[in-house]
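Copied from TrEMBL, the annotated features are:
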DOMAIN    8-80  domain 'S1 motif'
DOMAIN    125-138  domain 'CCHC-type'
REGION    150-236  region 'Disordered'
COMPBIAS  159-171  compositional bias 'Basic and acidic residues'
COMPBIAS  172-187  compositional bias 'Basic residues'
COMPBIAS  193-202  compositional bias 'Acidic residues'
COMPBIAS  222-236  compositional bias 'Basic residues'
Amino acid sequence: MEVIPELYDIFQGEVASVTEYGAFIKIPGTRKQGLVHKSHMSNCRVDQPSELVDVGEKVWVKLIGKEKTDEKLKLSLSMKVVNQGTGKDLDPNNVTLDQDARKKGSFKDYTSQKITLEAVLNTVCKKCGCPGHFAKDCFVQPGGTKYTLIPEEEEIPPEEEKKAHKSEDFVKKRKKEKKRKKKHKSKTPSELGDSDSGESDAGDVQPSRKKAKRTEKASASQKRKKKKHHKKKHKD
C-alpha cells in the first residue's frame, strides 16, 4: 500500500518532467507525482522552469496542499521554503504559504460586473430636508446650519453680455456725476465766492480792454481835429 506524506512534510524527490508552468516531482515510495508551480520554485520571478531544474535531478520539496478531484489526488509542492542544500525548513510556521494564499484569494475579477452610480443629485435628505445627499450621510445636527448644493452658473448669451456692459458703463457715469455734485455742494461759501470772483474778474478783463481801445481811438481822432483847426487859423 502506498504511503503518501503528510501535509507540510519535507522530502527529497526526483524531477519527472518539466513544463512551462512548473515541474512534476516523483514522490518516493509511491507512483504518484506532485507539481511544483513556477511561483513556488524560487523567491525570485521564474519565467522558464527549465532554467532551474532538469529531468532526473533530485530536489528538496515541501508538501503544501492536497486536493481530491474525480477520485484523483493532486499534490502541490514547494521548493522555495526548503533549503536545497540541507533540506531544512525555511518556513516552519508556514507564514510565507499563508501570505501567498491570501494574495491569490484577494484577487477578484470584476470585469463582468456593471458599475452603477446612485443618483445623489436628485435625492432629498429626510433628516434635514436638503437635496444632494442621503440621510445616512447627513451631518447636520438638530437646529444647525443647513447645506445645499451650489447651482451651476447659466451661460449668458453675447447680446445680453453687451447690454450688461453698457448698463455698467452707464451706472459708472452716473456715479461719477453724483460725486462731482457732492464735491460742489461740500465747498464753503467763501470758496464759492472766490471762484465766482475769479470768474467775474476773468470776464471783466475783456470789456475793459475794449473800452481802452475805444478811448485811444477817440483821443486820436480829437487830436487830428485840433491840428486841422490850428492850420486853418494860421492860414487866416
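For all residues, glycine too, the Cβ spot is worked out from N, Cα and C.
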Going by DSSP, how much of the compositional bias 'Basic residues' (172-187) is helix, how much is strand and how much is coil, in residues?
-> 15 helix, 0 strand, 1 coil
DSSP tally for the domain 'CCHC-type' (125-138), helix/strand/coil in that order, comes to 0 helix, 1 strand, 13 coil
Quick one: mean pLDDT on the domain 'S1 motif' (8-80)?
-> 91
